[in-house]
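Following: one structure in structure tokens, then a few remarks.
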Amino acid sequence: MGYCQGVSQVAVVLLMFPKEKEAFLALAQLLTSKNLPDTVDGQLPMGPHSRASQVAPETTSSKVDRGVSTVCGKPKVVGKIYGGRDAAAGQWPWQASLLYWGSHLCGAVLIDSCWLVSTTHCFLNKSQAPKNYQVLLGNIQLYHQTQHTQKMSVHRIITHPDFEKLHPFGSDIAMLQLHLPMNFTSYIVPVCLPSRDMQLPSNVSCWITGWGMLTEDHKRGPVHTAVPSRLQAVCCSGCRGQRVGSRVGRFRSMIVHSEGQLRSLMPGDFHLGDSGGPLVCYLPSAWVLVGLASWGLDCRHPAYPSIFTRVTYFINWIDEIMRLTPLSDPALAPHTCSPPKPLRAAGLPGPCAALVLPQTWLLLPLTLRAPWQTL
């Protein structure tokens with residue numbers, strides 16, 4: 001098995017949300033749309049050193065980028081996907097569980113044989129030593145490993161240096177480098193990274209996945225099996241300065257900035273414990289990564305949107321990290337064959353978070369104050 005190598009270029013989609021009036025019109029159109037794809041297909045080339053590719057901006061066909069566009073974003077599973085129901089093995093092969101001392105902490109997303117992305121806030125008040133973290137892929141059940149499971153040690157954790165410098169949860173993105181490259185199989189595949197200037201169609205089908213809590217009873221811990229939820233994203237402009245709620249403490253009002261953040265407009269089931277997990281959209285050729293679950297209000301306040309890190313904003317940073325980070329030494333990779341401990345939702349702060357109901361968020365009272373939390 002070889003050592004982990006960097007990638008020269010990474011690109012992602014530019015996705016922003018519309019002004020109030022435009023949002024209402026676009027939302028009405030989306031709610032009545034029935035032309036959303038509900039199947040995925042495609043063949044999977046194998047190989048431990050294959051790299052995730054970019055999706056071409058001008059087309060939704062399988063345009064080759066560096067000859068590897070047939071690798072990423074194409075699960076083996078073919079069939080309908082139902083929101084809120086357990087995922088099937090191989091259905092979301094880039095979904096990873098980030099383990100902290102053997103317990104599920106956050107979601108993460110495989111973007112290359114040696115790299116995953118997650119969110120910086122997952123590491124707040126936690127040890128920064130990579131030896132305390134592992135990633136689990138090829139698994140849809142956290143308590144039960146199969147022959148498809150790969151559990152890998154983390155070599156390096158790189159959090160964004162500007163996290164919360166400009167506004168709360170700003171630059172909420174982190175990268176994880178593995179000691180050894182992940183072997184791509186029918187159950188472990190990287191997600192595609194779209195090009196910077198690609199425009200998503202208005203009826204694109206987008207999904208969020210994770211093991212987060214499905215109820216407000218946070219004592220129950222995360223669910224055992226990965227659960228997908230459907231989300232329809234609006235691709236427009238004008239997300240600046242939109243107030244989505246209030247935050248207790250030193251920040252009395254929470255403002256969503258277009259710089260590096262997305263907000264959800266559609267109902268779904270993104271909950272506590274899903275932080276760092278993927279928001280992916282399906283094009284005719286493959287699934288592409290659009291956002292990372294960052295934060296939201298708890299289930300008692302459904303009128304507020306959940307917030308995602310807009311990955312496209314960090315394209316240069318991601319590219320630089322993957323190009324310039326030193327290679328890991330495979331001889332130093334620790335043994336990682338032990339089964340995971342029973343999960344206890346490590347470090348999860350309080351009750352669950354849910355996506356906003358689309359028909360209510362545009363009429364939010366600006367004076368309402370509600371508790372905030374990470375997802």
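Including glycine, each Cβ sits where the backbone N, Cα and C put it.
It should be emphasised that the depicted structure is a prediction, and the values quoted were computed from it without experimental measurement.
Straight from Swiss-Prot, the features:
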ACT_SITE  HIS121  active site, charge relay system
ACT_SITE  ASP172  active site, charge relay system
ACT_SITE  SER275  active site, charge relay system
DOMAIN    81-323  domain 'Peptidase S1'
CARBOHYD  ASN183  N-linked glycosylation site
CARBOHYD  ASN203  N-linked glycosylation site
REGION    41-60  region 'Disordered'
SIGNAL    1-23  signal peptide
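Under the DSSP three-state reduction, ASN183 (N-linked glycosylation site) is assigned to coil, being neither helix nor strand. All chains included, 29 other C-beta atoms sit within 10 angstroms of the C-beta of ASP172 (active site, charge relay system). Each residue contributes its Cα atom, and for ASN203 (N-linked glycosylation site) and SER275 (active site, charge relay system) those atoms are 25 Å apart. Other C-beta atoms found within 10 angstroms of the C-beta of ASN183 (N-linked glycosylation site) number 17, with every protein chain shown included. Here the candidates are the recorded positions HIS121, ASN183, SER275. The one whose C-alpha lies nearest to that of ASP172 (active site, charge relay system) is HIS121.
Here the recorded positions are ASN203, SER275, and the one ringed by the most other CB atoms within 10 angstroms is SER275. Between the CA atoms of HIS121 (active site, charge relay system) and SER275 (active site, charge relay system) there is a gap of 8 Å. For HIS121 (active site, charge relay system), other Cβ atoms within 10 Å of its Cβ number 24. On a Cα basis, ASN183 (N-linked glycosylation site) lies 25 Å away from SER275 (active site, charge relay system).
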